[in-house]
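Q: Pasting the feature list from Swiss-Prot:
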type	residues	note
ACT_SITE	TYR49	active site, proton donor
BINDING	LEU189, ILE227, LYS229, SER230, VAL231, ARG235, SER238, ASN239	NADPH binding site
Amino acid sequence: MSPRITLNDGNSIPQVGLGVWQTPAEDTERAVAAALQAGYRHIDTAAAYRNETETGRAIANSGVPREDIFLVTKLWNSDQGYDATLAAFDASVQRLGVDYLDLYLIHWPVPENNKFVDTFKAFAHLRDQGRIRSIGVSNFEPEHLTTLIEETGIVPAVNQIELHPLLPQQELRDVHAKLGIATEAWSPLGQGSLLADPVITGIAEQHGKTPAQVLIRWHIQLGNIVIPKSVNPERIASNFDVFDFELSGQDITSIASLETGKRLGPDPRTFNFTG
């Protein structure tokens, strides 16, 4: 089983989960079922992924009790604002076929719209009603976090950000540590760009592990929550087989040399897409 990270609200989240970003709806149900069978208990989806229905169906048919699964989804940009958020939440849980979420995230800050504070107030209302266990954000930069906390008085439990050895986000992780926010990594494998890197493949050979397992282990040892994605049942199981080895200090130093500081995804400060 995955180790768990205790969040600032007292809830705990499995450190390794399955992400279903860019997973076609027709593949999602099979992938989530394979993950739950392999021992995963943390599933991460989003309204924008258009696969909440299939995610929920796999959970319902898995035989795993709902209370044993940490289920995460995200509010899309066009649904920000207090009332719109309440409606979007209802739509998400209906698609998922559940009556509560373990974690709900604001997908992007969309700073141009300036609605993320009211959105988070709606999240807090839903949490107070018992419909969400933990509330958090995704792709928030330090200035967005500062505004959110100052305006609402609530520190998000999680900030899910692009994070991999090319973009280790040390500065933002330091901010999280000071504020008590858990760091969660999306694109944890660098969208596959690191799997053939000689540094990673060399470390993998030394440990008798795959490059993906080395990268996931790197996240675990940094304290990140990590949600690798795959639709291949064997790879899904392999990505979860990361708890029986440890990277050395030299391994960590070698991986640090890969940093470029370049994003593979959009810049949250300028990404204002609401389509």
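The count begins at 1 with the first shown residue.
Backbone N, Cα and C atoms are what each Cβ position is placed from, and that goes for glycine too.
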Q: Could you say which of the binding-site residues LEU189, ILE227, VAL231 has its Cβ with the most other Cβ atoms inside 10 Å?
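A: The residue with the most neighbouring Cβ atoms within 10 Å is ILE227.
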Q: So around the NADPH site, LEU189, ILE227, LYS229, SER230, VAL231, ARG235, SER238, ASN239 aside, which residues have their CB within 8 A of the centroid of those CB atoms?
A: LEU18, GLY19, ALA212, PRO228, ASN232, ILE236
Q: Given the binding-site residues LYS229, ARG235, and counting only Cβ atoms in the protein chains shown, which has the most within 10 Å of its Cβ?
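A: That would be LYS229, with the most Cβ atoms nearby.
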Q: Per 10 Å Cβ neighbour count, which of the binding-site residues SER230, SER238 ranks highest?
A: SER230
Q: With every protein chain in view, what's the tally of Cβ atoms within 10 Å of the Cβ of TYR49 (active site, proton donor), excluding that atom itself?
A: 22
Q: Among all the protein chains here, how many other CB atoms are within 10 A of the CB of ASN239 (NADPH binding site)?
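A: By my count, 26.
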